[in-house]
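> The structure under discussion is supplied below as structure tokens; questions concerning it will follow.
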Amino acid sequence: MISASSSKYDMIMKASVSLFTERGFDATTIPMIAERAHVGTGTIYRYFDSKETLVNVLFQESIQRFTEKLKQDVSELPVREGFHHVFCCLVQFTKESDYALFFLETKKDAHYLNHTSKKMIENLTQMLDDYFNKGKAEGVIRSLPSNVLIAIVLGAFLKIYQLVQTGDIEMDTDLITELEQCCWDAIKLHSSQK
């Protein structure tokens, strides 16, 4: 059985990530979070001393969950297999939390992130950078900067996922497979480019 305090914490976190994603950090207030989470404002302050603390805990938990999904160093896998692994992790992560991936992407350079949050995203970005550098060195991935390659893949994935959230398309196995292949085709070095 889930304790009431654990349940309240979870409700606060879910309400926070959705509001921060929808409205942004500055336009979201603690009373709005409390209303959406169906808890009192004071309850939020029992867990977090400020909105900045709340957003950093949320950010760090999201980064940690995604990093745990990756589990292994993708730079040690064959390049195409590493891409498949990262892509599957993106799919799993968004299925578990509709807003978490959007939150991580839109807030990664935010002024209110503390040192720990910035360090965690830096570590994740470095892991992906190592993977892309390996692929570029092996002549498998285009020689674009890693942040551009990440933007190509993540941008396409996030836009498709927005269409899923609005009900415009259904995310099924065939779509996931085709989307992965499209993203891979966008970043791989084609034989005519060598």
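Every residue gets a Cβ built from N, Cα and C, even glycine.
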> According to Swiss-Prot, DNA-binding region applies to one of these ranges: 29-48, 149-168. Which one is it?
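Of 29-48, 149-168, Swiss-Prot gives DNA-binding region for 29-48.
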> In the DNA-binding region (29-48), how many residues does DSSP assign to helix, to strand and to coil?
15 helix, 0 strand, 5 coil
